[in-house]
Structures are given as structure tokens and as C-alpha cells.
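Annotated active site, nucleophile per TrEMBL: 164, in sequence order. Among the features that TrEMBL reports, active site, proton donor is placed at 168. Residues annotated as domain 'GH16' in TrEMBL: 76-278. Look at TrEMBL and you will find 172 tagged as N-linked glycosylation site.
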């Protein structure tokens, strides 16, 4: 249940309002004596607070810091996990884009395989274009010696100064870990690569990879773990994807000029065909024409709500775990490429 915490310091038994914003109303005085932490059900109008008979009221003789701790704990409840993806057949949301004969359909189209050989790879794309939403795919990556191959799941617009949100899985030699590279392009500019090792074998069973994209942030998920956040830092002069509808693309292709050890490891075609498997095909987005500049239902969808403007404490902890244990490259800490820290990195907590 959403709540508001009100921090009260009593002056002559009358609290004075100091700050009021979003869901938190803080009340403070200049001569601290006692601190009251009042818990107000979310949705109550300010004018009704003084008349409300509080059921959860605790008088405390400690400092304001005690209430601030409670405030941080309560604010964690304001964030939420994305809605559970709904699995649908491939044909509901997607169509093949190239090398149709290299796509194999299983279980009535609820699962597909992409095949790569020395002649061609293959791919598919969403039928619609979307401005914001939640996009999810279950993927089982190429097993064995996959060096030189790239399995991709990404969103992209079609304009010259395009926006793009990337998952790219870089193949490996047998026994070496897969590398997951993420990137964000805005206004045609990318160069925001981050790379992590996955903490499981992504070739033996399906794992869910998802993007949550709204006006406030882009979150990359592996299963239920956020692995990257890209905040809207337009106020800092950093472009953010907000007015170019994007399609969702998936592909398997040869990139042995750069994918594995910077191109040192080449694709071993004797191991072909290389096979990546997909299922789930979840799309929950605001569908828009390619030339649209805004979503018709902007502000009304579940991902627009306040609880999806940030991660909660538990989600930030998961993200910190991934960064601390599995990150192998982060453009935010690359001083050779960026002598000055890119302005969005602090807001994204990348440094």
C-alpha cells in the first residue's frame, strides 16, 4: 500500500509545514524538541490530514534522523516491478525480416529458432512501432563454440538521428562466459556501451531479457535483475528517447570482425549452423505511427505512474550486486575515451 510519511517537529504543539512535494510532505521547525512520524494513507488530500484520526502514530524522542530513515524505507515502497509479461505466439506481435528459411517454428509458433550459417543469418521485427512500454523476450543463446556470433534484442527508430536501446550477446569460445553488451543511442549518438558477464549459463535454458522505457528512465532487466538504468537527463543536455517510435528487432548474425576479443577470435563455420531460440514475444507498449511525436495515452499507462520513475531500494541493491561482481566495462569509468565523466553517469549511479 502506498503511504505518505509526514515528518513533524513540534513547536508549542503546532507543526509548521516546511516542504511539500510529490508524495512526501515534510514538516519541520527551528527548535527541535520532539519528532512525530505520521503515516498517512496515500490519496488523502492535504486539507484532510489535520482532520484525519491517525491509526498509525508514533511519538519519538530521537532526532529527525530517525524519521529520515523511516522516510527512506517508505519511499522504497513507491517503486514497483514491471507487470508480469504475457507469453504469446510469435505471429501475434512479430514478422520475419530476412532469410525467412533460416527461421524454424516450434510448438505451433510459440517458440522459434534463428539459424546462422556461412551464407546468412536471420532476424525478425515487431509489426508495430512504440513510444514507451515494456518489452520482453525469453532467449536461449547459441551453445558451444559461438565465437564471432552476435545474438541481438533491441529497439530502434528509423530516422537518420535514430534512437536505439540494445541488448547484444557476444559469442565465445567453448568454456568462456558470454558477454552481454548494452547500449543506448539518442539522436544518432551511441558510444554508451556497458558490458557484463552473465552469472549463469544462458545456453542451457531460457532467461527473460526485458526493457522498461518511459519518460523518466530506461531499465534493462535480466530475469528480475535490473542490470542498467539510463535516466532522463535532458535537463543536463543529454538527449533522451521520447519522440521517435521504435520497433523491436531480434537477430542472429556474424560479427567476427569485432564481437569476440575485438575480432581476434573468428567464427568457426565447421560448427554451423549456430542456433538461438526465442519465446514469450511480450509487447506491452503504446503503439504509434512511425512519424508520431507523442503517445496518445501518455501519462495513463501503468509504466507512466510514479512508482516506475525510479528503482526501489531492493532493485538498486540488485543492480549494485551486478555492477560490483559482473561488470567488465563501463563507458562512465573509461577516462581514455571520456576524460570528463559524461554528465548522465552520476544520475545513473554508474560512478
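Yeah, the Cβs are placed from backbone N, Cα and C, and that goes for glycine too.
Values in this document were obtained by computation on a predicted structure and should not be read as measured data.
Annotated features taken from TrEMBL, shown on the structure.
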{"residue": "164", "record": "active site, nucleophile", "contacts (Cβ under 8 Å, 6+ apart)": "154, 155, 156, 157, 183, 184, 185, 190, 246"}
{"residue": "168", "record": "active site, proton donor", "contacts (Cβ under 8 Å, 6+ apart)": "150, 151, 152, 154, 180, 181, 182, 183"}
{"residue": "172", "record": "N-linked glycosylation site", "contacts (Cβ under 8 Å, 6+ apart)": "145, 146, 147, 178, 179, 260"}
